[in-house]
Amino acid sequence: MKITVLGCGALGQLWLSALCKHGHDVQGWLRVPQPYCSVNLIDTDGSFFNESLTANDPDFLAKSELLLVTLKAWQVSDAVRTLASTLPVTSPILLIHNGMGTIEELQSIQQPMLMGAITHAARRDGNIIIHVANGTTHIGPAREQDGDYSYLAEILQGVLPDVAWHNNIRAEMWRKLAVNCVINPLTALWNCPNGELRHHTDEINAICEEVAAVIEREGYHTSADDLCYYVEQVIDSTAENISSMLQDVRAMRHTEIDYITGYLLKRARVHGLAVPENSRLFEMVKRKESEYERSGTGMPRPW
């Protein structure tokens with residue numbers, strides 16, 4: 001399959017290496033155009049992938065059968081709109097990022113839109129990406145008109161298992177959002193690995209109660225207890241991980257808070273729900289961001 005991977009960070013390189021190893025025809029797409037992108041990855045089994053792959057080739061993009069987007073949430077809309085005019089109108093666009101809200105920004109895109117949530121863990125160590133832990137990628141149609149692309153899940157299952165197709169992906173996206181609303185802001189504010197959150201069950205419960213109320217209003221059945229149990233499972237299984245938001249804060253980069261807690265706050269307002277704990281955490285992360293963005297280091301760059 002001919003695939004363009006938009007974004008060549010940790011997640012992008014994980015997909016590029018896996019697709020390449022399994023015989024797919026792939027290219028990367030970088031914000032600053034370059035003819036090649038270096039992919040240096042150590043997999044969970046210790047094997048090493050080190051290759052320069054084609055990048056930013058518009059002719060390749062014009063023949064691509066899939067655009068796999070692994071950017072930060074706040075980069076997605078501008079980048080996808082830029083590339084959509086060259087991508088075949090029948091080729092699906094699969095968004096894999098933390099948070100929600102990008103689909104609402106891309107309603108006018110003609111290509112089929114799919115969205116996904118991933119639990120694989122990968123991190124950068126210098127110039128090398130380390131695939132820390134295997135996980136599952138959940139994918140499904142982003143809009144009602146986007147149809148059944150379950151064959152893609154089968155193809156990607158053979159590349160980077162596990163991959164699960166959901167006819168209604170939004171329920172799974174909300175579950176992932178609940179996890180992100182707990183783990184990302186708390187670890188970013190407390191500067192700790194995920195496992196440290198085990199000692200803060202009251203805080204986790206307060207966040208999950210608010211998220212559960214919003215999810216119920218969105219039309220998906222859940223409970224605060226169910227969400228807490230799920231979040232605590234994720235905390236245990238990723239105890240040594242440094243969350244993506246904490247990595248961003250440590251590197252003084254723009255975070256995805258607007259698409260995680262920020263998205264929850266938007267939907268809560270629509271439903272007339274008060275979410276004071278999530279509001280407080282949102283403001284604290286935004287304040288931390290503004291401290292280093294004022295100095296110019298972490299300003300979000302245009303795509």
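Using N, Cα and C of the backbone, Cβ positions are placed for all residues, glycine too.
Under the three-state DSSP scheme, K176 (active site, proton donor) falls in the helix class. Sequence-distant contacts of K176 (active site, proton donor), defined as residues of its own chain at least six apart whose C-beta falls under 8 angstroms from its C-beta, comprise N98, A117, H138. Feature annotation from Swiss-Prot assigns active site, proton donor to K176; the stated evidence is similarity to another entry.
If you look up Swiss-Prot, you'll see G7, C8, G9, A10, L11, G12, N98, A122, E256 marked as NADP(+) binding site, on the strength of similarity to another entry. For E256 (NADP(+) binding site), the Cβ neighbour count at a 10 Å cut-off comes to 24, with all displayed protein chains included. In the three-state DSSP classification, E256 (NADP(+) binding site) falls within coil.
Under the heading substrate binding site, Swiss-Prot lists N98, N180, N184, N194, S244. Taken residue by residue with DSSP, S244 (substrate binding site) is part of a helix. The Cβ of S244 (substrate binding site) has N98, N184, E256 as same-chain neighbours under 8 Å, each 6 or more residues away in sequence.
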Proximal but sequence-remote residues of the same chain as L11 (NADP(+) binding site) (Cβ under 8 Å, at least 6 apart): T70, I96, I118, H120, A122
Cα-Cα distance linking G9 (NADP(+) binding site) and N180 (substrate binding site), given in Å to the nearest integer: 19
Spatial separation of G9 (NADP(+) binding site) from N194 (substrate binding site) - C-alpha basis, Å: 21
Cβ contacts of G9 (NADP(+) binding site) (under 8 Å, same chain, 6 or more positions away): T70, L71, K72, R124
Shell list (substrate; ref centroid = CB of N98, N180, N184, N194, S244; cutoff 8 A): V179, I183, T187, S243, M245, E256, I260
